[in-house]
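For reference, the structure discussed in these notes is given below.
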Amino acid sequence: MNHLPMPTFGPLAGVRVVFSGIEIAAPFAGQMFAEWGAEVIWIENVAWADTIRVQPNYPQLSRRNLHALSLNIFKDEGREAFLKLMETTDIFIEASKGPAFARRGITDEVLWEHNPKLVIAHLSGFGQYGTEEYTNLPAYNTIAQAFSGYLIQNGDVDQPMPPFPYTADYFSGMTATTAALAALHKVRETGKGESIDIAMYEVMLRMGQYFMMDYFNGGEICPRMTKGKDPYYAGCGLYKCADGYIVMELVGITQINECFKDIGLAHILGTPEAPEGTQLIHRVECPYGPLVEEKLDAWLATHTIAEVQARFAELNIACAKVLTIPELEGNPQYVARESITQWQTMDGRTCKGPNIMPKFKNNPGKIWRGMPSHGMDTAAILKNIGYSEADIKELVGKGLAKVED
């Protein structure tokens, strides 16, 4: 396979990934591959560009390092070109409503006829099979959260609230990335392709597993948080200091012993309700739970965030200031690790945003390109798989492909 023009870098150099999907979930998977060195081709509709393009800034992050192909993959010669592209593809990711690709004639078996080693990842709200009531329904972030039991666990005691921004999309995209890599590892061992069925609601079901297990195995339903505090354990969650908010986790024998001395509760240590060796204080089951919260709130309210951080560092209590967005890039840890970076957009502007993560020591990722325009790489990609200028012109003339203006 001849690769498209791009630098060689990262742990996935030489891997070709193609994705068809809009907005966040599937493209996030593609973005991870692209930032780790894979050659990633982004398929867009010929008539209508990805709706993410209407956003002023986010697409510059989410579509960096990609190659843009505008092709009607379901019709006539456009379908033929897509299947020819699959012959040189390692991983194909698609996001749609249920088995939409199969309904339109592009089944796993058809894809494997063209490439027996292809890894196929299907990403949808409710999966590739199940009941007709759900399988073919559209789904976005909040839909997956609501159907999975994840949303109902979040928010405040008075009302559930979906965690933002777009948690289910990002979790599902990362699941597609890791599952596809696992499948690719096996394919290189066996030579046999794989198809992966990723239902967004099942991803969120798994992400919401912690408290669910108490219900499935005992009927206990965990209450939601109160003002950002852990529903079960005192000293865990969001707290207000004299000049802002922190989060903390009061966990550990030594940590509890020393913290209780500071807040005036040393006398309860060693009692039947808080015996020696206590590592967590249950907010409800421990009679002292409400008192711990009361004393901790009072102590924190009289100290600044800096004072609390300094003292908790001495006591080895996990704690962090709740940073505002403007505070991020000036934070010394962000600066030291270059967590925020800059890159050039295709029109020559400078864009600022999160850097590549995680950080590979021996084969680091790289930002080598901004977001491509609609159809920017169509001609180059089609030439790469054997199409002539005349062939490409014919596809464009029939409305089956779009090249950059």
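Cβ from N, Cα, C; glycine included.
For Asp169, the entry in Swiss-Prot reads active site, nucleophile, with the evidence type sequence analysis. The Cβ of Asp169 (active site, nucleophile) lies under 8 Å from the Cβ of Glu23, Ile24, Ala25, Phe28, Tyr140, Asn141, Met200, each of which sits 6+ residues away along the same chain.
The CoA binding site annotation in Swiss-Prot covers Lys97, Arg104 and rests on sequence analysis. Cβ contacts within 10 Å of Lys97 (CoA binding site), excluding its own Cβ and spanning all protein chains shown: 14. Under the DSSP three-state reduction, Lys97 (CoA binding site) is assigned to coil, being neither helix nor strand.
Of all the Cβ atoms in the protein chains shown, 13 others lie within 10 Å of the Cβ of Arg104 (CoA binding site).
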